[in-house]
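These notes are about the structure you will find just below.
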Amino acid sequence: MTGQSAAVEGSNSALPWYRMGFHTLAEFNTYVTFVLLGMSIMMVTSAVTSAPDFVTKYFIYATGDPDAVAETPLFWNNANTFYNAGTYAMQVVTEIASLTPFMRSIPLGIRLFLGLGIPFVELVVIIAVPAATIPTQNGAIAVIMVVAMMGGLSKALCDSCTNALVGPFPTKFMNGAQWGLTVIALFMSIIQIILQVSMGSTFQDVLTISRIYFGIGIGIQVMAIAALVLLRYNPFAQKYIAEFRAAALRRRGHVEPEESQDSKEPATGDVAEAPKAGEKEVTLDAMEEADEVRAVPSDAFVAKSGAVLQATGDADRMVDLDQTKNITSTEQMLRASVWSVFKRIYPMLLCAFTIFFTTLLVFPGVFFLVPARSGWYMTIIVTLFNAGDFVARVLLMIRVLRPSPKLVIVGTFGRLAVIPLIVLCVRGFIPGVALPYVLIFLFGLTNGYFGTMSCIHCPRTPTLHYAGERSVAAMLAGISLMLGLCFGSNMSLAITLTY
(Lines of atoms letter the chains of each structure in order from A and count residues from 1; the text may use other names and numbers.)
(Lines give C-alpha, C1' and ligand atoms only; values in the text may rest on other atoms or scores of the structure.)
Protein backbone atom coordinates (compact mmCIF):
# COMPACT_ATOMS: atom_id res chain seq x y z
CA MET A 1 0.00 0.00 0.00
CA THR A 2 1.48 3.40 -0.97
CA GLY A 3 1.69 6.34 1.42
CA GLN A 4 -0.95 8.16 -0.61
CA SER A 5 -3.42 5.27 -0.52
CA ALA A 6 -2.79 4.83 3.22
CA ALA A 7 -3.55 8.50 3.76
CA VAL A 8 -6.78 8.20 1.77
CA GLU A 9 -7.81 5.13 3.76
CA GLY A 10 -7.03 6.91 7.02
CA SER A 11 -9.11 9.95 6.06
CA ASN A 12 -12.03 7.75 4.99
CA SER A 13 -12.00 5.44 8.01
CA ALA A 14 -13.90 7.97 10.13
CA LEU A 15 -16.80 8.10 7.66
CA PRO A 16 -19.84 6.04 8.77
CA TRP A 17 -20.38 4.32 5.43
CA TYR A 18 -16.68 3.36 5.24
CA ARG A 19 -16.94 1.60 8.58
CA MET A 20 -19.85 -0.41 7.17
CA GLY A 21 -17.75 -1.60 4.23
CA PHE A 22 -18.55 1.07 1.63
CA HIS A 23 -15.75 3.10 0.11
CA THR A 24 -17.84 6.08 -1.05
CA LEU A 25 -21.13 7.75 -0.22
CA ALA A 26 -22.35 6.90 -3.74
CA GLU A 27 -21.71 3.21 -3.07
CA PHE A 28 -23.57 3.40 0.25
CA ASN A 29 -26.51 5.20 -1.37
CA THR A 30 -26.68 2.48 -4.02
CA TYR A 31 -26.92 -0.17 -1.31
CA VAL A 32 -29.67 1.74 0.53
CA THR A 33 -31.61 2.10 -2.73
CA PHE A 34 -31.57 -1.65 -3.32
CA VAL A 35 -32.76 -2.22 0.25
CA LEU A 36 -35.66 0.17 -0.39
CA LEU A 37 -36.45 -1.52 -3.71
CA GLY A 38 -36.48 -4.88 -1.92
CA MET A 39 -38.84 -3.41 0.67
CA SER A 40 -41.16 -2.06 -2.02
CA ILE A 41 -41.46 -5.49 -3.66
CA MET A 42 -43.06 -7.00 -0.55
CA MET A 43 -44.57 -3.87 0.99
CA VAL A 44 -48.28 -4.45 0.27
CA THR A 45 -48.11 -8.22 0.77
CA SER A 46 -46.25 -7.78 4.06
CA ALA A 47 -48.75 -5.16 5.20
CA VAL A 48 -51.69 -7.45 4.45
CA THR A 49 -50.05 -10.56 5.93
CA SER A 50 -49.01 -8.70 9.10
CA ALA A 51 -52.63 -7.66 9.73
CA PRO A 52 -54.40 -11.04 9.44
CA ASP A 53 -57.37 -10.09 11.63
CA PHE A 54 -58.10 -6.99 9.54
CA VAL A 55 -58.11 -9.04 6.34
CA THR A 56 -60.21 -11.94 7.66
CA LYS A 57 -62.78 -9.42 8.97
CA TYR A 58 -62.55 -6.99 6.07
CA PHE A 59 -66.21 -7.59 5.22
CA ILE A 60 -67.12 -5.88 8.53
CA TYR A 61 -65.14 -2.73 7.76
CA ALA A 62 -65.96 -2.65 4.05
CA THR A 63 -69.72 -2.78 4.69
CA GLY A 64 -69.52 -0.50 7.72
CA ASP A 65 -71.50 -2.97 9.85
CA PRO A 66 -69.77 -3.88 13.16
CA ASP A 67 -72.30 -6.68 13.72
CA ALA A 68 -71.97 -8.28 10.28
CA VAL A 69 -71.66 -12.07 10.09
CA ALA A 70 -69.61 -13.69 7.32
CA GLU A 71 -71.89 -14.79 4.49
CA THR A 72 -69.05 -16.75 2.88
CA PRO A 73 -67.10 -18.21 5.82
CA LEU A 74 -65.09 -20.45 3.49
CA PHE A 75 -63.46 -17.36 1.97
CA TRP A 76 -63.14 -15.20 5.06
CA ASN A 77 -61.69 -17.95 7.24
CA ASN A 78 -58.95 -18.37 4.63
CA ALA A 79 -58.78 -14.81 3.30
CA ASN A 80 -55.00 -14.55 3.72
CA THR A 81 -54.45 -17.78 1.81
CA PHE A 82 -56.80 -16.69 -0.99
CA TYR A 83 -54.96 -13.36 -1.14
CA ASN A 84 -51.57 -15.06 -1.40
CA ALA A 85 -52.81 -17.48 -4.06
CA GLY A 86 -54.15 -14.65 -6.24
CA THR A 87 -51.03 -12.54 -5.78
CA TYR A 88 -48.53 -15.26 -6.58
CA ALA A 89 -50.51 -16.64 -9.53
CA MET A 90 -50.51 -13.21 -11.18
CA GLN A 91 -46.91 -12.62 -10.27
CA VAL A 92 -45.54 -15.83 -11.72
CA VAL A 93 -47.32 -15.26 -15.05
CA THR A 94 -45.95 -11.72 -15.29
CA GLU A 95 -42.42 -12.75 -14.27
CA ILE A 96 -42.30 -15.50 -16.89
CA ALA A 97 -43.45 -12.96 -19.48
CA SER A 98 -40.58 -10.69 -18.40
CA LEU A 99 -38.11 -13.13 -20.02
CA THR A 100 -39.64 -12.72 -23.48
CA PRO A 101 -37.67 -10.58 -25.96
CA PHE A 102 -40.51 -8.05 -26.08
CA MET A 103 -40.50 -7.45 -22.32
CA ARG A 104 -36.70 -7.42 -22.17
CA SER A 105 -36.70 -4.72 -24.86
CA ILE A 106 -38.70 -2.34 -22.62
CA PRO A 107 -36.31 -0.14 -20.59
CA LEU A 108 -35.96 -1.28 -16.99
CA GLY A 109 -36.67 2.20 -15.64
CA ILE A 110 -40.11 2.36 -17.26
CA ARG A 111 -41.14 -1.07 -15.96
CA LEU A 112 -39.80 -0.39 -12.48
CA PHE A 113 -41.53 2.97 -12.08
CA LEU A 114 -44.81 1.36 -13.19
CA GLY A 115 -44.34 -1.42 -10.64
CA LEU A 116 -43.62 1.11 -7.88
CA GLY A 117 -46.70 3.15 -8.78
CA ILE A 118 -49.31 0.36 -8.63
CA PRO A 119 -49.08 -0.13 -4.81
CA PHE A 120 -50.37 3.41 -4.31
CA VAL A 121 -53.63 2.33 -5.96
CA GLU A 122 -53.74 -0.89 -3.90
CA LEU A 123 -53.30 0.87 -0.57
CA VAL A 124 -55.71 3.68 -1.41
CA VAL A 125 -58.38 1.11 -2.35
CA ILE A 126 -57.87 -0.85 0.90
CA ILE A 127 -58.23 2.37 2.92
CA ALA A 128 -60.93 4.07 0.84
CA VAL A 129 -63.45 1.21 0.67
CA PRO A 130 -64.09 1.10 4.46
CA ALA A 131 -64.31 4.91 4.46
CA ALA A 132 -66.93 4.93 1.70
CA THR A 133 -68.46 1.49 2.55
CA ILE A 134 -70.01 -0.91 0.04
CA PRO A 135 -73.40 -2.66 0.29
CA THR A 136 -72.42 -6.34 -0.05
CA GLN A 137 -69.82 -8.74 1.29
CA ASN A 138 -69.28 -10.04 -2.24
CA GLY A 139 -67.97 -6.58 -3.05
CA ALA A 140 -65.50 -6.91 -0.18
CA ILE A 141 -64.32 -10.25 -1.59
CA ALA A 142 -63.87 -8.59 -4.98
CA VAL A 143 -61.79 -5.82 -3.38
CA ILE A 144 -59.47 -8.35 -1.69
CA MET A 145 -58.94 -10.32 -4.90
CA VAL A 146 -58.51 -7.26 -7.15
CA VAL A 147 -55.90 -5.90 -4.74
CA ALA A 148 -54.24 -9.35 -4.78
CA MET A 149 -54.05 -9.40 -8.59
CA MET A 150 -52.75 -5.83 -8.75
CA GLY A 151 -50.22 -6.76 -6.09
CA GLY A 152 -49.04 -9.70 -8.17
CA LEU A 153 -48.51 -7.48 -11.21
CA SER A 154 -46.72 -4.84 -9.15
CA LYS A 155 -44.48 -7.36 -7.38
CA ALA A 156 -43.56 -9.05 -10.66
CA LEU A 157 -42.51 -5.78 -12.28
CA CYS A 158 -40.56 -4.62 -9.22
CA ASP A 159 -38.99 -8.02 -8.60
CA SER A 160 -37.87 -8.76 -12.17
CA CYS A 161 -36.51 -5.24 -12.72
CA THR A 162 -34.77 -5.04 -9.35
CA ASN A 163 -33.17 -8.43 -10.00
CA ALA A 164 -32.06 -7.31 -13.45
CA LEU A 165 -30.54 -4.12 -12.03
CA VAL A 166 -28.75 -5.74 -9.08
CA GLY A 167 -27.53 -8.87 -10.89
CA PRO A 168 -24.27 -7.31 -12.21
CA PHE A 169 -23.42 -5.72 -8.82
CA PRO A 170 -21.12 -7.32 -6.21
CA THR A 171 -22.82 -9.87 -3.96
CA LYS A 172 -23.43 -7.56 -1.01
CA PHE A 173 -25.80 -5.44 -3.11
CA MET A 174 -28.00 -8.38 -4.05
CA ASN A 175 -27.97 -9.38 -0.41
CA GLY A 176 -29.17 -5.85 0.35
CA ALA A 177 -32.13 -6.24 -2.01
CA GLN A 178 -32.91 -9.63 -0.46
CA TRP A 179 -32.59 -8.10 3.00
CA GLY A 180 -35.12 -5.44 2.08
CA LEU A 181 -37.69 -8.17 1.40
CA THR A 182 -37.62 -9.22 5.04
CA VAL A 183 -36.96 -5.81 6.61
CA ILE A 184 -40.35 -4.61 5.42
CA ALA A 185 -42.09 -7.78 6.63
CA LEU A 186 -40.64 -7.50 10.14
CA PHE A 187 -41.15 -3.73 10.23
CA MET A 188 -44.83 -3.99 9.31
CA SER A 189 -45.35 -6.76 11.87
CA ILE A 190 -43.83 -4.61 14.62
CA ILE A 191 -45.88 -1.57 13.59
CA GLN A 192 -49.05 -3.69 13.65
CA ILE A 193 -48.27 -4.95 17.18
CA ILE A 194 -47.49 -1.43 18.45
CA LEU A 195 -50.73 -0.08 17.02
CA GLN A 196 -52.77 -2.94 18.46
CA VAL A 197 -51.25 -2.48 21.93
CA SER A 198 -51.45 1.31 22.00
CA MET A 199 -54.98 1.58 20.62
CA GLY A 200 -58.23 -0.20 21.33
CA SER A 201 -59.95 -2.99 19.45
CA THR A 202 -63.27 -1.31 18.76
CA PHE A 203 -64.65 -0.99 15.24
CA GLN A 204 -63.51 2.63 14.91
CA ASP A 205 -60.12 1.92 16.50
CA VAL A 206 -59.37 -0.80 13.94
CA LEU A 207 -60.29 1.55 11.08
CA THR A 208 -57.95 4.20 12.49
CA ILE A 209 -55.17 1.63 12.90
CA SER A 210 -55.60 0.49 9.28
CA ARG A 211 -55.31 4.05 7.96
CA ILE A 212 -52.13 4.70 9.94
CA TYR A 213 -50.73 1.28 9.06
CA PHE A 214 -51.29 1.43 5.32
CA GLY A 215 -50.39 5.13 5.27
CA ILE A 216 -46.92 4.14 6.50
CA GLY A 217 -46.75 1.75 3.54
CA ILE A 218 -47.48 4.62 1.16
CA GLY A 219 -44.64 6.60 2.73
CA ILE A 220 -42.21 3.73 2.14
CA GLN A 221 -43.19 3.62 -1.54
CA VAL A 222 -42.51 7.35 -1.87
CA MET A 223 -39.03 6.83 -0.39
CA ALA A 224 -38.30 3.98 -2.82
CA ILE A 225 -39.33 6.06 -5.84
CA ALA A 226 -37.23 9.03 -4.71
CA ALA A 227 -34.21 6.76 -4.17
CA LEU A 228 -34.63 5.23 -7.64
CA VAL A 229 -34.74 8.68 -9.26
CA LEU A 230 -31.49 9.64 -7.51
CA LEU A 231 -29.89 6.32 -8.46
CA ARG A 232 -29.94 7.33 -12.14
CA TYR A 233 -27.41 10.07 -11.33
CA ASN A 234 -25.26 7.96 -9.00
CA PRO A 235 -21.75 7.48 -10.51
CA PHE A 236 -21.21 4.18 -8.67
CA ALA A 237 -24.52 2.77 -9.95
CA GLN A 238 -23.70 3.89 -13.50
CA LYS A 239 -20.60 1.70 -13.34
CA TYR A 240 -22.81 -1.43 -13.18
CA ILE A 241 -26.20 -0.38 -14.66
CA ALA A 242 -25.73 0.03 -18.39
CA GLU A 243 -29.05 1.83 -18.87
CA PHE A 244 -28.11 4.57 -16.40
CA ARG A 245 -24.57 4.81 -17.80
CA ALA A 246 -25.85 5.26 -21.36
CA ALA A 247 -28.27 7.95 -20.18
CA ALA A 248 -25.43 9.78 -18.43
CA LEU A 249 -23.35 9.67 -21.62
CA ARG A 250 -26.26 11.10 -23.60
CA ARG A 251 -26.70 13.91 -21.07
CA ARG A 252 -23.01 14.78 -21.49
CA GLY A 253 -23.30 14.53 -25.27
CA HIS A 254 -20.85 11.60 -25.45
CA VAL A 255 -22.88 9.28 -27.63
CA GLU A 256 -20.72 6.74 -29.45
CA PRO A 257 -21.86 4.19 -32.02
CA GLU A 258 -22.64 0.81 -30.47
CA GLU A 259 -23.30 -2.58 -31.94
CA SER A 260 -26.82 -3.29 -33.12
CA GLN A 261 -28.99 -4.73 -30.37
CA ASP A 262 -29.95 -7.46 -32.83
CA SER A 263 -26.46 -8.89 -32.40
CA LYS A 264 -26.45 -12.29 -30.75
CA GLU A 265 -22.89 -11.95 -29.45
CA PRO A 266 -22.18 -10.16 -26.19
CA ALA A 267 -20.21 -6.96 -26.45
CA THR A 268 -16.74 -7.00 -24.92
CA GLY A 269 -14.83 -4.37 -23.05
CA ASP A 270 -14.37 -3.03 -19.55
CA VAL A 271 -15.62 0.15 -17.96
CA ALA A 272 -14.85 -0.93 -14.39
CA GLU A 273 -11.39 -0.13 -13.14
CA ALA A 274 -8.93 -3.03 -13.36
CA PRO A 275 -5.49 -3.04 -11.75
CA LYS A 276 -2.41 -2.33 -13.75
CA ALA A 277 0.20 -5.00 -14.36
CA GLY A 278 2.25 -5.73 -11.26
CA GLU A 279 -0.05 -3.68 -9.02
CA LYS A 280 -1.02 -5.38 -5.76
CA GLU A 281 -4.67 -5.52 -4.82
CA VAL A 282 -5.68 -3.34 -1.88
CA THR A 283 -8.74 -4.41 0.10
CA LEU A 284 -10.53 -2.80 3.00
CA ASP A 285 -10.65 -6.09 4.84
CA ALA A 286 -9.67 -9.64 4.06
CA MET A 287 -13.29 -10.76 4.39
CA GLU A 288 -14.87 -7.96 2.38
CA GLU A 289 -15.98 -8.13 -1.24
CA ALA A 290 -13.49 -6.40 -3.48
CA ASP A 291 -14.79 -3.66 -5.77
CA GLU A 292 -12.03 -4.20 -8.31
CA VAL A 293 -12.65 -6.60 -11.17
CA ARG A 294 -10.54 -9.26 -12.82
CA ALA A 295 -10.56 -10.81 -16.27
CA VAL A 296 -11.33 -14.51 -16.61
CA PRO A 297 -9.39 -17.15 -18.56
CA SER A 298 -10.76 -18.11 -21.97
CA ASP A 299 -11.21 -21.78 -21.04
CA ALA A 300 -13.82 -20.79 -18.44
CA PHE A 301 -16.40 -19.79 -21.05
CA VAL A 302 -17.77 -23.29 -21.69
CA ALA A 303 -21.40 -23.47 -20.50
CA LYS A 304 -21.53 -26.68 -18.47
CA SER A 305 -24.76 -28.09 -17.08
CA GLY A 306 -25.03 -27.47 -13.34
CA ALA A 307 -21.72 -25.61 -13.38
CA VAL A 308 -22.74 -23.54 -10.35
CA LEU A 309 -21.97 -26.54 -8.10
CA GLN A 310 -18.38 -26.90 -9.35
CA ALA A 311 -17.62 -23.20 -9.79
CA THR A 312 -14.37 -21.89 -8.35
CA GLY A 313 -13.24 -18.33 -7.89
CA ASP A 314 -15.08 -15.18 -6.89
CA ALA A 315 -17.62 -13.53 -9.20
CA ASP A 316 -17.03 -10.21 -7.45
CA ARG A 317 -13.44 -10.20 -8.77
CA MET A 318 -14.45 -10.85 -12.38
CA VAL A 319 -15.01 -8.38 -15.18
CA ASP A 320 -18.39 -8.43 -16.91
CA LEU A 321 -17.32 -8.26 -20.53
CA ASP A 322 -20.40 -6.46 -21.86
CA GLN A 323 -20.10 -3.42 -19.58
CA THR A 324 -19.12 -1.19 -22.48
CA LYS A 325 -19.66 2.51 -23.01
CA ASN A 326 -23.24 3.38 -24.04
CA ILE A 327 -24.73 -0.12 -24.33
CA THR A 328 -28.06 -0.32 -22.46
CA SER A 329 -29.34 -2.89 -20.00
CA THR A 330 -31.98 -4.05 -22.48
CA GLU A 331 -29.29 -4.69 -25.10
CA GLN A 332 -27.23 -6.66 -22.60
CA MET A 333 -30.19 -8.88 -21.69
CA LEU A 334 -31.29 -9.40 -25.29
CA ARG A 335 -27.80 -10.67 -26.13
CA ALA A 336 -27.84 -13.21 -23.30
CA SER A 337 -29.07 -16.76 -23.92
CA VAL A 338 -31.74 -17.68 -21.36
CA TRP A 339 -31.20 -21.42 -21.96
CA SER A 340 -27.42 -21.18 -21.57
CA VAL A 341 -27.82 -19.34 -18.27
CA PHE A 342 -30.47 -21.80 -17.06
CA LYS A 343 -28.23 -24.81 -17.72
CA ARG A 344 -25.46 -23.43 -15.57
CA ILE A 345 -27.54 -22.44 -12.53
CA TYR A 346 -30.51 -24.86 -12.52
CA PRO A 347 -29.54 -26.59 -9.21
CA MET A 348 -29.93 -23.28 -7.37
CA LEU A 349 -33.16 -22.56 -9.24
CA LEU A 350 -34.57 -25.89 -8.04
CA CYS A 351 -33.50 -25.05 -4.48
CA ALA A 352 -35.20 -21.64 -4.65
CA PHE A 353 -38.40 -23.28 -5.90
CA THR A 354 -38.35 -25.99 -3.22
CA ILE A 355 -37.61 -23.63 -0.33
CA PHE A 356 -40.36 -21.17 -1.10
CA PHE A 357 -42.83 -23.89 -2.10
CA THR A 358 -42.47 -25.55 1.31
CA THR A 359 -42.63 -22.18 3.07
CA LEU A 360 -45.95 -21.18 1.54
CA LEU A 361 -47.24 -24.73 1.82
CA VAL A 362 -47.44 -24.44 5.61
CA PHE A 363 -47.16 -20.68 6.29
CA PRO A 364 -49.41 -18.98 7.08
CA GLY A 365 -52.29 -21.38 6.31
CA VAL A 366 -51.30 -24.60 8.13
CA PHE A 367 -49.76 -22.75 11.09
CA PHE A 368 -53.04 -20.83 11.47
CA LEU A 369 -54.89 -24.17 11.80
CA VAL A 370 -53.20 -24.90 15.14
CA PRO A 371 -55.92 -24.75 17.85
CA ALA A 372 -55.02 -21.65 19.89
CA ARG A 373 -57.10 -19.70 22.38
CA SER A 374 -55.01 -16.53 22.26
CA GLY A 375 -56.23 -13.74 19.99
CA TRP A 376 -52.58 -12.82 19.47
CA TYR A 377 -51.60 -16.21 18.05
CA MET A 378 -51.76 -15.33 14.34
CA THR A 379 -49.98 -12.00 14.81
CA ILE A 380 -47.19 -13.64 16.84
CA ILE A 381 -46.78 -16.44 14.27
CA VAL A 382 -46.31 -13.92 11.45
CA THR A 383 -43.93 -11.81 13.54
CA LEU A 384 -41.76 -14.79 14.56
CA PHE A 385 -41.48 -15.96 10.95
CA ASN A 386 -40.48 -12.47 9.83
CA ALA A 387 -37.99 -12.21 12.71
CA GLY A 388 -36.32 -15.51 11.78
CA ASP A 389 -36.17 -14.49 8.13
CA PHE A 390 -34.69 -11.13 9.12
CA VAL A 391 -32.00 -12.63 11.38
CA ALA A 392 -30.94 -15.07 8.65
CA ARG A 393 -30.45 -12.33 6.08
CA VAL A 394 -28.48 -10.24 8.55
CA LEU A 395 -26.16 -13.20 9.12
CA LEU A 396 -25.60 -13.44 5.37
CA MET A 397 -24.07 -9.98 5.38
CA ILE A 398 -21.02 -11.67 6.92
CA ARG A 399 -19.16 -13.24 4.04
CA VAL A 400 -17.80 -16.29 5.89
CA LEU A 401 -21.32 -17.31 6.97
CA ARG A 402 -22.60 -17.67 3.40
CA PRO A 403 -23.12 -21.36 2.55
CA SER A 404 -21.78 -22.90 -0.65
CA PRO A 405 -24.22 -24.12 -3.33
CA LYS A 406 -23.85 -27.71 -2.09
CA LEU A 407 -24.70 -26.71 1.49
CA VAL A 408 -27.74 -24.85 0.17
CA ILE A 409 -29.00 -28.14 -1.29
CA VAL A 410 -28.53 -29.87 2.09
CA GLY A 411 -30.39 -27.09 3.92
CA THR A 412 -33.19 -27.06 1.36
CA PHE A 413 -34.19 -30.62 2.18
CA GLY A 414 -33.20 -30.55 5.86
CA ARG A 415 -35.81 -27.90 6.69
CA LEU A 416 -38.58 -30.26 5.55
CA ALA A 417 -38.39 -31.84 9.03
CA VAL A 418 -40.56 -28.98 10.30
CA ILE A 419 -43.60 -30.13 8.31
CA PRO A 420 -44.48 -33.39 10.16
CA LEU A 421 -44.03 -31.63 13.51
CA ILE A 422 -46.47 -28.83 12.69
CA VAL A 423 -48.95 -31.41 11.38
CA LEU A 424 -48.83 -33.10 14.79
CA CYS A 425 -49.57 -29.73 16.40
CA VAL A 426 -52.53 -29.12 14.09
CA ARG A 427 -53.96 -32.55 14.82
CA GLY A 428 -53.66 -31.94 18.57
CA PHE A 429 -51.12 -34.67 19.27
CA ILE A 430 -48.76 -31.95 20.55
CA PRO A 431 -50.89 -29.46 22.50
CA GLY A 432 -50.19 -25.79 23.11
CA VAL A 433 -48.57 -23.05 21.06
CA ALA A 434 -44.99 -23.25 22.36
CA LEU A 435 -43.77 -25.72 19.72
CA PRO A 436 -45.48 -23.88 16.82
CA TYR A 437 -43.73 -20.69 17.96
CA VAL A 438 -40.34 -22.45 17.92
CA LEU A 439 -41.03 -24.16 14.59
CA ILE A 440 -42.15 -20.98 12.83
CA PHE A 441 -39.00 -19.14 13.95
CA LEU A 442 -36.80 -21.96 12.64
CA PHE A 443 -38.84 -22.07 9.45
CA GLY A 444 -38.33 -18.34 8.93
CA LEU A 445 -34.63 -18.66 9.77
CA THR A 446 -34.01 -21.41 7.20
CA ASN A 447 -36.23 -19.65 4.66
CA GLY A 448 -34.11 -16.51 4.84
CA TYR A 449 -30.76 -18.28 5.06
CA PHE A 450 -30.99 -20.92 2.36
CA GLY A 451 -33.64 -19.16 0.26
CA THR A 452 -31.59 -15.99 -0.02
CA MET A 453 -28.36 -17.84 -0.85
CA SER A 454 -30.06 -19.96 -3.52
CA CYS A 455 -31.10 -16.71 -5.22
CA ILE A 456 -27.71 -15.04 -4.73
CA HIS A 457 -25.73 -17.98 -6.13
CA CYS A 458 -27.68 -17.70 -9.41
CA PRO A 459 -26.25 -14.39 -10.70
CA ARG A 460 -23.16 -14.24 -8.49
CA THR A 461 -21.48 -17.36 -9.85
CA PRO A 462 -18.11 -17.35 -11.65
CA THR A 463 -19.69 -19.45 -14.41
CA LEU A 464 -21.33 -16.28 -15.81
CA HIS A 465 -19.17 -13.70 -17.57
CA TYR A 466 -21.56 -10.99 -18.84
CA ALA A 467 -23.76 -8.48 -17.06
CA GLY A 468 -26.64 -9.49 -19.34
CA GLU A 469 -26.25 -13.10 -18.20
CA ARG A 470 -26.24 -12.05 -14.56
CA SER A 471 -29.40 -9.99 -15.04
CA VAL A 472 -31.14 -12.93 -16.71
CA ALA A 473 -29.90 -15.29 -13.97
CA ALA A 474 -31.31 -13.01 -11.28
CA MET A 475 -34.63 -12.86 -13.13
CA LEU A 476 -34.68 -16.68 -13.40
CA ALA A 477 -34.08 -16.85 -9.65
CA GLY A 478 -37.04 -14.56 -9.11
CA ILE A 479 -39.21 -16.73 -11.34
CA SER A 480 -38.21 -19.92 -9.51
CA LEU A 481 -38.97 -18.23 -6.22
CA MET A 482 -42.36 -17.08 -7.49
CA LEU A 483 -43.22 -20.50 -8.91
CA GLY A 484 -42.52 -21.95 -5.48
CA LEU A 485 -44.67 -19.33 -3.78
CA CYS A 486 -47.47 -19.77 -6.30
CA PHE A 487 -47.66 -23.56 -6.15
CA GLY A 488 -47.07 -23.56 -2.40
CA SER A 489 -49.84 -21.05 -1.67
CA ASN A 490 -52.31 -22.85 -3.93
CA MET A 491 -51.46 -26.21 -2.38
CA SER A 492 -51.87 -24.62 1.05
CA LEU A 493 -55.25 -23.30 -0.03
CA ALA A 494 -56.33 -26.82 -1.01
CA ILE A 495 -55.16 -28.16 2.37
CA THR A 496 -56.88 -25.50 4.46
CA LEU A 497 -60.13 -25.76 2.50
CA THR A 498 -60.32 -29.53 2.98
CA TYR A 499 -59.21 -29.57 6.62
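A Cβ is built for glycine as well, from the same backbone N, Cα and C atoms used for every other residue.
According to Swiss-Prot, the protein carries these features:
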COMPBIAS  255-267  compositional bias 'Basic and acidic residues'
CARBOHYD  Asn326  N-linked glycosylation site
REGION    255-276  region 'Disordered'
TOPO_DOM  1-30  topological domain 'Cytoplasmic'
TRANSMEM  31-51  transmembrane segment
TRANSMEM  112-132  transmembrane segment
TRANSMEM  133-153  transmembrane segment
TRANSMEM  179-199  transmembrane segment
TRANSMEM  212-232  transmembrane segment
TRANSMEM  350-370  transmembrane segment
TRANSMEM  378-398  transmembrane segment
TRANSMEM  406-426  transmembrane segment
TRANSMEM  428-448  transmembrane segment
TRANSMEM  475-495  transmembrane segment
Per-residue pLDDT averaged over the topological domain 'Cytoplasmic' (1-30), given as an integer: 64
Tertiary contacts of the transmembrane segment (406-426) (same chain, 6+ residues out, Cβ under 8 Å): 309, 347-348, 351, 354-355, 358, 361-362, 366-367, 369-371, 435-436, 439, 442-443, 446-447, 449-450, 453-454, 457, 499
Contact between the transmembrane segment (212-232) and the transmembrane segment (112-132) (3 or more Cβ pairs under 8 Å, separation 6+): yes
Among 112-132, 179-199, 428-448, 475-495, stretch most in contact with the transmembrane segment (350-370) (C-beta, under 8 angstroms): 475-495
Residues from the same chain, set at least six apart from the ends of the transmembrane segment (475-495), whose C-beta lies under 8 A from its own: 78, 81-82, 84-85, 87-89, 91-92, 95-96, 98-99, 156, 159-160, 163-164, 167, 338, 341-342, 345, 348-350, 352-362, 365-366, 451, 454-455, 458-459
Residue numbers, six or more beyond the limits of the transmembrane segment (179-199), whose CB comes under 8 Å of its CB atoms: 34-43, 46-47, 49-51, 205, 208-209, 212-213, 216-217, 220, 379, 382-383, 386-387, 389-390, 392-394, 396-397, 448
